[in-house]
Amino acid sequence: MSTEGKVITCKAAVAWEAKKPLVIEDIEVQPPQKGEVRIKILYTGVCHTDSYTLSGSDPEGIFPCILGHEGGGIVESIGEGVTSVKVGDHVIPLYIPECGTCKFCTSNKTNLCSKIRITQGKGQMPDGTTRFKCKGKEIFHFMGTSTFSQYTVLPEISCCVVREDAPLDKVCLLGCGITTGFGAAKITAKVEEGSTVAIFGLGAVGLSVAQGAVDCGAKRIIGIDNNETKFGPGKDFGCTEFINPSKDLPEGKTIQQHLVDITDGGVDYSFECIGNVNVMRAALECCHKGWGVSTIVGVAPAGAEISTRPFQLVTGRVWKGSAFGGVKSRSQLPSIIDKYMDKKLKVDEYVTFTYPLNEINTAFDVMHEGKSLRSVVNL
């Protein structure tokens, strides 16, 4: 029986309040309105960004809400006026949309899009309302995606149609972390062949930077992390050497000083994949004078500020930032999926655990314990 135009009752992991475990609830999902798409989510990754909002540290965090932003699913129904997505399409929800008409999309200078930014930041659909209810209460959306639900509703401009032979339990992870790191090296920094790269933080994003650097032809890729259990995966993903700053530094040397010493004046490119403002400074200051480029990928706590001596920039170092790897979400993500399908991008190797929806809190636990690169939840 068709569910088109009808309210769907399904399971979702609801975040009723900050700092509390998610609760599996029966929720009601309204039909898509004009310009919207309703998706049956099959798989979703669990990311540190979900945890950040659940912790109560996110200034845009609104409760109760349905978290999740690394999803993969199939279009169940479409609203009036939707033309680029059809029922049955395999899609990845996008937390950075691509409308193609705003000044950001038409600038050819950024992958950001302003079309629905205000309402998305309020946990709402573009018309200022939500599509979720639970126990008679309105439930807010998260990052415009809310993939911790068996069904979700997105604006059409927040859906990337993907090839049907791409396994959704793997490519769902391209909705955030892997693409973020890979694109930071390929698109934002534009790492050059034969260059030296330093990566601070070897989680899923940092390992993806390594993949991007390899794809660009970098000669030397230095992975930096206090947790040496990450060095094995780091090697598998392309790092050529490693530094543990808690034990490997010469006496009296900072990590940036040590990197400058061992790279003949500094690295060509560095990437901060942690979200620590002190590490961001180190990542800039380990860059080579005259041309070194440091890209901030990690998300720092709200209100945190970065600092360095202006002379670091005056003498030619460049500080950049990257969101979703600079990847235009609807038009460029399919080519990254193609790269995975052509076995030129590792994705399967990130999946450490797979859980059913009712064990989603365990996925958060193993992430906090540093035991997983990514956990995938089967909805």
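Residue numbers in this text run from 1 along the chain shown.
Note: Cβ is positioned from N, Cα and C throughout, glycine not excepted.
Taken from Swiss-Prot, the feature Zn(2+) 1 binding site applies to Cys47, His69, Cys176. Cys176 (Zn(2+) 1 binding site) has a Cβ environment of 28 other Cβ atoms inside 10 Å.
Of all the Cβ atoms in the protein chains shown, 17 others lie within 10 Å of the Cβ of Cys99 (Zn(2+) 2 binding site). Cys99 (Zn(2+) 2 binding site) falls within neither a helix nor a strand when secondary structure is assigned with DSSP, and so counts as coil. The feature Zn(2+) 2 binding site is assigned by Swiss-Prot to Cys99, Cys102, Cys105, Cys113, with similarity to another entry given as support.
One way to see the shell of the Zn(2+) 1 site is to take the Cβ centroid of Cys47, His69, Cys176; the remaining same-chain residues with a Cβ within 8 Å of it are Gly45, Thr49, Asp50, Gly68, Glu70, Tyr95, Met143, Thr145, Gly175, Gly177. In the shown protein chains, 24 other C-beta atoms lie within 10 A of the C-beta of Cys113 (Zn(2+) 2 binding site).
Counting in whole angstrom, Cys113 (Zn(2+) 2 binding site) lies 17 from His69 (Zn(2+) 1 binding site) by their C-alpha atoms. Other residues of the same chain near the Zn(2+) 2 site, with their Cβ within 8 Å of the Cβ centroid of Cys99, Cys102, Cys105, Cys113, are Pro97, Glu98, Gly100, Thr101, Lys103, Phe104, Thr106, Leu112, Ser114, Lys115, Ile157. Put simply, Cys176 (Zn(2+) 1 binding site) is 19 Å from Cys105 (Zn(2+) 2 binding site) when counted between their Cα atoms.
Each of the binding-site residues Cys47, Cys102, Cys105 was scored by how many other Cβ atoms lie within 10 Å of its Cβ, and the smallest score goes to Cys102.
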